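Reviewing the structure listed below.
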Amino acid sequence: LVAVCVSLLGAANIPPQPLNLYQLMNMIQCANTRTWPSYTNYGCYCGKGGSGTPVDDLDRCCYTHDHCYNDAKNIDGCNPVTKTYSYTCTEPTITCNDSKDKCARFVCDCDRTAAICFAKAPYNTSNVMIRSTNSCQ
């Protein structure tokens, strides 16, 4: 209990995240041995936004995920950033469970595909924190 309280105090300066982001992070942990923060500032597309040409296969995973979320917005009333869904994780297998909610199923598939892609793609440490360089213009 003390550890939980201390961790909550340390998190006081962290802005709240959409619930879907937590689901994506958990999927990444399910499919992968690398932790999700490794992907927050990777390449030109991993993290918030993106521009330029993806620098490698892992960055292409993020580029594809961004476009998948854009496609989800074409489903009536679907906001992929806030949409939550049901899935199961039996490491490293992820199964999306929402069969009737088209938006939830689509967003879950976007996140599932990204998590699997991250697990398969090589991680090149020289592509971390490169957005401020000319590589992403």
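The backbone N, Cα and C atoms fix where each Cβ goes, glycine too.
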Disulfide-bonded cysteine for C61 as listed in Swiss-Prot, from C117, C136: C117
Which of D56, D57, D66 belongs with Y45, G47, G49 in the Ca(2+) site listed by Swiss-Prot: D66
Recorded disulfide counterpart of C46 (Swiss-Prot; options C30, C62, C68): C62
From C5, C30, partner that Swiss-Prot gives for the disulfide involving C89: C30
Swiss-Prot annotation, disulfide partner among C5, C110, C136 for C68: C110
Residue among recorded positions H65, C78, C117 with Cα closest to the Cα of G47 (Ca(2+) binding site): H65
Residue among disulfide-bonded residues C89, C108, C110 with least C-beta crowding, 10 angstrom cut-off: C89
